[in-house]
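Enquirer: So TrEMBL has the following annotated:
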type	residues	note
ACT_SITE	ASP150	active site, proton donor/acceptor
BINDING	ASN11, GLU382	Mg(2+) binding site
BINDING	LYS18, HIS208, LEU209, GLY210, ASN211, GLY212, ASP283, MET284, ARG285, GLY328, ILE329, GLY330, GLU331, ASN332	ATP binding site
BINDING	ARG93	substrate binding site
SITE	HIS181	site 'Transition state stabilizer'
SITE	ARG241	site 'Transition state stabilizer'
Amino acid sequence: MQANDSIIVINAGSSSIKFSMYSGPALDLTLRGKIENLYSGVARFIAQNADGSVVGEREWRDGPLNHEGGMRFLVDFAQTHLDGHRVIAVGHRIVHGGVAHSGPQRLDAALVDELEKLVPLAPLHLPHNLAPVRSVLAMAPDVPQIGCFDTAFHVGQPAEAQEFALPARITDLGVRRYGFHGLSYEYIASVLPKAEPRLAQAKVVAAHLGNGASMCAMQSGRSMASTMGFTAVDGLPMGTRCGALDPGVVLYLMQELGMDVAAVQKLMYQESGLLGVSGISSDMRTLEQSDEPRAKAAIALMVYRIGRELGSLAAALGGLDALVFSGGIGENSVALRSAVCKDAAWLGVELDEAANAANPRGVTRVSAPGSKVDVWVIPANEELMIAQHALELVEAG
Ligand code: ADP
């Protein structure tokens, strides 16, 4: 990779496209931006360079913008702001790779068609991940595109961690636990041994706590179990998702309350979690600043469920050497880290309250010197993980 070579990373969600550009052999972040509010109201674009200065802004007031229109704009924008950089690859975050895709792969039209078959497994996200791949294939067919799957990191989990206790004929249809946030956990697994070589072979539970939230048990940097399952609604309560639910609740909602599939889906994905319990907000910052008892109850429920899952994941590992916090909440909420660690004292977790309260930036240990279990804060960086994968694949030819 030459100094002026760049890799663009695309992370396309249902209503937004985020992009980052990494340049030179050290993969320095040189440009990042996003288009938000696709399909509804006024779509907005903003881009910043490495030092945070705004280098592009735009709004679409003449009707909704779709993924294709957004990508067309981004490709044009990138071309006019390349500043002598040459794009050698585009890396994409792809939510689902099924069981067959256990690592990053070069994307071509045939592979995109194959991935399209997985849409029923992730109907809310996968079409939006694939749309930009098709756009780039049409607009710049010679630029290599690399797909990085959120499920791939979990493909090697033990069979028991992946199976539901359902009849084999249902399991055989692909109804199994896949786990998500894999790129975030893979990044954590790559960073932790560099920060503390003693932890290279360790039993680690990492908590990626953002608007979506999950936890992952890792042994020697490999995924052994995760709280998200068949879909990304399982496990922890999240901003607006309910997390693990007795499946009997779904039957009750449909049979007794007469809710249809769309209503149950809306309830579980958009109206539950921190928002549903508090009735105030899905945003942890807002809840932490509120004096309302229901805001406190929502946070307490999240802390409780993190503690329960931590015990379960430590059991899956047969011990615990380190706990890692990541994601917007994990990286920033001093109070949540403190509460989770207090509840985990029985596992040998002891926080250094001062180090925790300093709310570190970057990769930092926040456990007390004598703590049996290390506690770390590692800022999430799925985009860099994708750029690294893209570079490896391009260099491998
Ligand atoms: P996403 O999953 O959409 O990428 P993020 O990882 O950015 O989301 O996490 C968003 C969450 O992080 C929100 O609940 C937000 O309130 C929370 N958060 C961000 N900063 C803070 C902070 N200083 N204190 C507490 N929570 C915070």
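Just so it is clear, glycine is given a Cβ too, placed from its N, Cα and C backbone atoms.
Are these features on the surface or tucked inside, and what are their neighbours?
Expert: Following the DSSP three-state reduction, the secondary structure of ASP150 (active site, proton donor/acceptor) is coil.
Residue environment of ASN11 (Mg(2+) binding site) contains 21 other Cβ atoms, counted within 10 Å of its Cβ in all protein chains.
Cβ-based neighbour count (10 Å, all protein chains) for ASP283 (ATP binding site) stands at 16.
The Cβ of ARG93 (substrate binding site) has 21 other Cβ atoms within 10 Å, all protein chains considered.
Counting only residues at least six positions away in the same chain, the Cβ atoms of ASP150, HIS208, GLY212, SER214, CYS216, SER226, MET228 sit under 8 Å from the Cβ of HIS181 (site 'Transition state stabilizer').
DSSP assigns ARG241 (site 'Transition state stabilizer') to coil, not to a helix or a strand.
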Enquirer: Tell me, how many other CB atoms lie within 10 A of the CB of LEU209 (ATP binding site), whichever protein chain they belong to?
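Expert: Result for LEU209 (ATP binding site): 28 neighbouring Cβ atoms inside 10 Å.
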Enquirer: Considering Cα atoms only, can you say which of ASN11, LYS18, ARG285, GLU331 is the nearest neighbour of ARG93 (substrate binding site) among these binding-site residues?
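Expert: Minimum Cα distance from ARG93 (substrate binding site) across ASN11, LYS18, ARG285, GLU331 lands on ASN11.
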Enquirer: Of LYS18, LEU209, ARG241, ASP283, which recorded positions come close to ligand 1, meaning Cβ under 6 Å from one of its atoms?
Expert: ASP283
Enquirer: Relative to the Cα of GLU382 (Mg(2+) binding site), which of the binding-site residues LYS18, ASN211, GLU331 has the closest Cα?
Expert: LYS18
